[in-house]
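As recorded in TrEMBL:
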| type | residues | note |
| --- | --- | --- |
| TRANSMEM | 6-27 | transmembrane segment |
| TRANSMEM | 51-70 | transmembrane segment |
| TRANSMEM | 90-108 | transmembrane segment |
| TRANSMEM | 129-151 | transmembrane segment |
| TRANSMEM | 163-184 | transmembrane segment |
| TRANSMEM | 191-209 | transmembrane segment |
| TRANSMEM | 239-259 | transmembrane segment |
| TRANSMEM | 271-300 | transmembrane segment |
| TRANSMEM | 320-346 | transmembrane segment |
| TRANSMEM | 381-408 | transmembrane segment |
| TRANSMEM | 414-431 | transmembrane segment |
| TRANSMEM | 438-456 | transmembrane segment |
Amino acid sequence: MAIHVEGLLAIVIFYLLILAVGIWAAWKNKNSGISAGTDRSESIMVGGRDIGLFVGAFTMTATWVGGGYINGTAESVYLPGSGLAWAQAPFGYALSLVVGGLFFAKPMRSRGYVTMLDPFQQLYGKRMGGLLFIPALLGEMFWSAAILSALGATLSVIVDININVSVVISALIAIFYTLVGGLYSVAYTDVVQLFCIFLGLWISVPFALSNPAVSDISVTAVTAVFQSPWLGEIDPSDGWIWADNFCLLMLGGIPWQVYFQRVLSASSASYAQFLSFLAAFGCLVMAVPSVLIGAIGASTDWNQTSYGPIPPVEKDESDMILPIVLQHLCPSFVSFFGLGAVSAAVMSSADSSILSASSMFARNIYQLAFRQSASDREIVWVMRITIFVFGALATTMALLTGSVYGLWYLSSDLVYVIIFPQLLCVLFVKGTNTYGSVAGYVFGLLLRVGGGEPYLRLPPFIYYPGWQPREKQHRLTQELERYVEQRFPYKTVSMLASLLSNVAFSYLVKYLFESGTLSPKYDFLDAVISKHSKETMDKTTLVTHDNILLSELAAVKPRHGSSLAGTFINTDVLMDEDAVSPDANTQHL
């Protein structure tokens, strides 16, 4: 198959459009927030906290509507034995945004944080902030690599160009406009990219549905024609696995810097909540064409198409069902629109992840942990360098690592198991400290990694109840793979164990020190007894423009509530914090 010149031209035009929008956004907002006293580095990270409603809604939606989202949803609906019942991403991520908006957006935004790791360093110190940076960074990096790899494969299917070239060019464009404009460029390009996704996929759906090789999808939804019905079903024996994966998407989708970067860029806490709810609706709307394309793939007699008599599932190409439908069931000019949609989806996710990773490194690792005296100009240059470095690393992994999806699955599980319970504790539970945080980190890591990861061929050393040995034969290589299937909801159990161990160890250590059972000299993390340690003083570097009160930086003290709930639950953050928002009377609003 020769290179499609028209398709290549369409991709070039699309990439030039995205690049132009990114550069224009950087130029238009180059001085935003600076005149009001905001540092340039903070403006790059959170956009001067003045992102408008229209742009904010689009960029918040684009947080999760990426290449993995639209390709993965179509794949789940298409796969025999899976179907729509197992396409959990649309509802899971939509509920994730709703839960994030209801409980997490207001306390995070009203306290004026700059990154997701700020509250951890404020309460647990810079060492713990560095440990929590590891799973957060791995999640962002492997996600970027996975979607760049998917983009290369998609371009190779439709345009028939070299995968490596397409990945490198796509990554370079995303890195360049992110480096130039920071969050402003990412947010404004998200508007164009999300519009391209919606338009490109919806243009393709009617042509694919009207193809003679496609049966009525309302019939194939409940009746086996070419394969099992695409609506799918949940076997009662798989109920715990389904629930475990759904909780992973709904709750594990919250503690990501890409989400909180949008939350913290909003002009107020209530505004951040509203954007989260709008984005939840946007996620559901953007999933509809992907669901239809997956249903079309399951309703197609591939023997009547240019694809050939062997269905994609039998070639181990189920993950490419979306570009395959665009290529073989739509006219060429229509498939190019769809290709632009896929490219837009990938770039809208890759640029966000790269910016998020560099923001956390520049602020929470370089500035707060190593160079508290660093100038704003220095932080800006560190961000620019790390944007390029992290982008290059993600691109390299996309080109060289065959198991990049397995790496992302494991790292996203670690975000759910480790960071989510830590975020719950730091925002809502009184009295947790660094000792409990370390315990929760270790327990969560051991319990999750102990369950193994089949995608990485990582064997388990913890066999949870109901585990079963499985065999899988790859259709192309005929290789027989043996692995252990954990049918117990061990991911959610690991998360709960991490949460409980954080609280339990925090209160145990606190009691031992305050009762005199342990000598104050053993408080080597300065988390309970020491009130004026170097660690506590380092935390004051978080305080800029009176966003965080100095009283919040004091060491943990015994607090007694009038009820059991008041003893353990930090109810202050559940109140309407707009009344006391540190930004309420500033020029940013």
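From the backbone N, Cα and C atoms, a Cβ is placed for every residue, glycine too.
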Note to self: Give the nonlocal contacts of the transmembrane segment (271-300) in its own chain as ranges (CB under 8 Å, at least six residues past its ends).
What the structure shows: 53, 56-58, 60-61, 63-65, 69-71, 73-78, 80, 83-84, 87, 89-91, 93-98, 100-102, 105-106, 108-109, 194, 197-198, 201-202, 204-205, 208-209, 211, 213-217, 219-221, 225-227, 230, 262-264, 312, 321-322, 324-326, 329
Check: In the same chain, which residue numbers or ranges, 6 or more beyond the ends of the transmembrane segment (438-456), come under 8 angstroms Cβ to Cβ?
Finding: 128, 131-132, 403, 405-407, 409-410, 413-414, 417-418, 421-422, 425, 462, 464, 483-486, 490-491, 493-495, 497-499, 501-502, 504-505, 525
Notebook entry, point to check: By a Cβ-Cβ criterion of under 8 Å, what residues six or more beyond either terminus of the transmembrane segment (414-431) are in contact with it?
Noted result: 104, 107-108, 116, 119-120, 123-124, 132, 135-136, 138-139, 248, 251-252, 254-256, 437, 440-441, 444-445, 447-448, 491, 494-496, 498-499, 502-503, 506-507, 510, 556, 559, 561, 567-570, 573-574
Item checked: Proximity of the transmembrane segment (129-151) to the transmembrane segment (90-108), 3+ C-beta pairs under 8 angstroms -> no
Check: What same-chain residues lie close to the transmembrane segment (90-108): Cβ under 8 Å, and 6 or more beyond its ends?
Finding: 60, 63-64, 69, 73, 116, 119, 245-246, 248-254, 259-260, 263-264, 266, 269-270, 272-277, 279-281, 283-284, 287, 291, 423, 427, 573-574, 577-578
Note to self: If I count Cβ-Cβ pairs under 8 A between the transmembrane segment (239-259) and each of 6-27, 51-70, 163-184, 320-346, which range comes out on top?
What the structure shows: 51-70
Check: Residues of the same chain, at least six outside the transmembrane segment (6-27), with any C-beta under 8 angstroms of its C-beta?
Finding: 155, 158-159, 161, 169-170, 173, 176-178, 180-182, 184-189, 191-193, 196, 332-333, 335-337, 339-340, 343-344, 347
